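Encoded as structure tokens, the structure appears first; notes follow it.
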Amino acid sequence: MPFTLGQRWISDTESDLGLGTVVAEDKRTVSIMFSACEESRLYARSDAPVTRVMFNVGDVVESHEGWSLEVKIVEENGGIFTYIGTRTDTEEENVKLREIFLSHQIRFNKPQDKLFAGQIDRMDRFALRYRALTNQYEQHKSPLRGLCGMRAGLIPHQLFIAHEVGRRYAPRVLLADEVGLGKTIEAGMIIHQQVLAGRAERILIVVPETLQHQWLVEMMRRFNLHFSIFDEERCVESLADATNPFETAQYVLCSLDFLRKSRRRFEQAQDADWDLLVVDEAHHLEWSEDKPSRQYQVVEALAEATPGVLLLTATPEQLGRESHFARLRLLDPDRFYDYDTFVEEERQYAPVAEAVTRLLSGEKIDDNARKTLVDLLSEQDIEPKLRLIESSDADDEHAQTVRHELIDSLMDRHGTGRVLFRNTRAAIKGFPERHLNMYPLELPSQYKTAMRVSSMMSGSISAEQKAIKLLYPEDIYQEFEGESATWWNFDPRVNWLLEMLKANRNEKVLVICSRAQTALTLEQALREREGIRATVFHEGMSIIDRDKAAAYFAQEDDGAQVLLCSEIGSEGRNFQFSNQLVMFDLPNNPDLLEQRIGRLDRIGQQRDIEIHVPHLEGTSQALLAHWYNEGLNSFEETCPTGRAVYEAVSDDLIALLACEKHEPEALENLIEKSAAMHHELKAKLDQGRDRLLEIHSNGGNAANDLVTQISSKDGDTNLIAFSLGLFDTIGLNQDDKGENAIVVTPSEHMMVASYPGLPYDGCTITFDRETALSREDLHFISWEHPMIQGGIDLLLSEGVGATAVSLLKNKALPAGTLLLEMVYVVDAQAPKSSGIGRFLPKTPIRILLDAKGNNLSNKVAFEGFNRQLSPVNRHLASKLVNSVQKEIHVLIAQAEQEVAKELVTVRESAQTEMENSLQAELTRLQALKAVNPNIRDDELELIESQIQDLTGYIGKAQIQLDSLRLIVVSHN
């Protein structure tokens, strides 16, 4: 390379160094000083990774003194360029600027500048950049954004609720599904959508203390949302960074008790400007008109100060009407201002729900029901619709459509339809059956002796303490024998468990017991006696260790056959891949029993659940098993009445459990009384069901359509190819581990020091939803995952693939024929929270010009064209660019005219789509406001101002050249 002192060069590998100056050279080396960052580099002269900087006529260059010059003439003397032209500030002509006096800070940010400066990237990177832009655009435009990327099964009612609520601005809703239907996942999906759409940047989740870690893990594992748990210690630590500790994190998780106990922390939380508040277990907030609880007041104040609120609660039937009203009051105190008015309103909707039940079941609609429907939908003539439904076959497609139109209209007018979602198992299909297998086993003599001696020595303990003690004879035995007691050598439940596991070698078995020590002892017994692979899961383990245990259990090959859990194993972890549940002992209340079964009996479970209950005859264990089974039927069915019945009969039950000898008659009477109460309460709950609300909450066909649409996107080969190309370009190591899993780790040759979303020691990823669901240690990669979103942002911001030169081997065209491919981006500069991404995200426009300026982009698709091209080495690429620089300038100018026309079309299309969408919603809500007071004024005002703001942003959208590729036809 010919180097001369004073010449200006740029580094090909370190473009951020700015403009360099040759300060020394000899036969073998050259030294270049980069004054902008006060660094110098010594290169081997023969292959220095630098490019000569030469500006052309028409360019505007900056001097080191800060003034700019529009170049008219370029002169060269002794290898040094002098630029002659007009100063832009004083308009003085024929000003000379020698290249040594150019600004050191000049960087080549425009693609054409990079191309002319020889900063030419690889062809595959250009293609990757274009794909990144098009995929990013498609994801922003997708109505399913925020729903496809979560690590969860595709459950219709969950997706429907999340889709319905997640697209609203500042949603304020009550999620009141029955247990096991996935309220936490629904809330997570809503949060995820709000975050991706930019509607929620600051989120506060308030939960009972025991559920903090569960929520932390769920949000991180399922939605890649990283929350921080705030307690007193964290608040004190944060004081160094801010006066209000809650302003030091965007996503905060804390316990309700923490805010209740400290007025100062509560006030700080209240002042922290949240966009979205989520409250779990909201049914525990006690309220009465004259005396609301402190917890209720805390949530009420936070809800008042926060635009969006999600309350997760028990079903309205379980809550009772007054308590249900108190939750609604938190969401909209202006609308739900008086309890008696609310009760009267609810009463008026009862005949509507009855009419809808008849409508759906195909029963004849009597005159009363018909009158109810006609009165409520007075603004439309529904008589023809009713006649069509009654005269048509129940499966007739047109009649089905009309049915759903009627239901949608009714739902919009329903008292709480917009703010309350509630699904019941009775209304949702897809739950497996539960089969109970009871195994009465003989009580060992060792236990008999220990229990007798313990009874003599226990003195005056309460009946409740005694009852609990008698449920766990192994603990009583251990009290006398000490730590070295080997009760597992003679306990028949252990022998039964070993035989059961040997008989079911290919099954994954979940064993739950009340205490951590029991789980640890059983693991030792299984290992030492039969070499059975087992793992434990208890409260003494860290979250990471629990994750590892769960992953070991989930592993198909070489995984554990058994997971031994203490009671916390039935909190928040789901193991749907197993259908075998062993209860080594029994919990002392029905809610915990349901929680245990709920680890396997969840929506999405594919097989019937086998519940195994080994119990020692004549003990409290046996008595409790019979009461659960015959009094509540809580093994084989979910039991919404369990707590109410338990509280009513608990004195009698505890008295029986505390007896060493059980009277069969007393047990019989208790079971009879409990069963009668259970059936009576269940009938009442069933009668109180609001069929209209159920129909709305489960989403019907719309919910199934969502599942179909998302399923069709799962396993997208385009995503897999793009992701692997992205990781390769950034410099990540990839190691295929089989079983749909790839290990991704950082390398020494990465483009950046750390990669977004990738732990420093790497991670294992999968593109398969089912694999991700069965193995919690894997990251589920989708277009929404931080590793992909962050990778695309990195690729675009670092200018990767902004320029390229390729050869087209085509003998049908003359050799040397020139083509220029340019990618422009339409960008509306607007806050993310405005919702611009839904209508006008960054939009790529591809222009492919031949040498005559004809635009071939509509005739020549990108991928097919790209496959016909060959790469060119950088040295040859620079030569080609320099030889046709004038032609490229002309083509870029022609492309600007072409893309200006496209910009008008893109703006008009975005404006029309925005108006159609938002204006339709505004018109609908304005019409409904007359018949449904649940429509809030601020909702209408928000849509009106949004239409106005978006119109301004769309009208000001600009274009920018993002990347370009020179293509030269070759016959070689």
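Backbone N, Cα and C define each Cβ position, glycine as well.
Swiss-Prot lists motif 'DEAH box' at one of the ranges 280-283, 728-731, 896-899, namely 280-283.
In three-state terms derived from DSSP, K183 (ATP binding site) belongs to a helical segment. Listed in chain order, the residues near the ATP site other than D177, E178, V179, G180, L181, G182, K183, T184 are E186, N423, I603, each with its Cβ within 8 Å of the site Cβ centroid. Looking only at the binding-site residues G180, G182, the densest Cβ neighbourhood within 10 Å occurs at G182. In the structure shown, across all protein chains, L181 is the one of the binding-site residues V179, L181 with the greatest number of other Cβ atoms within 10 Å.
One residue stands out among the binding-site residues D177, E178 for having the most other Cβ atoms within 10 Å of its Cβ: D177.
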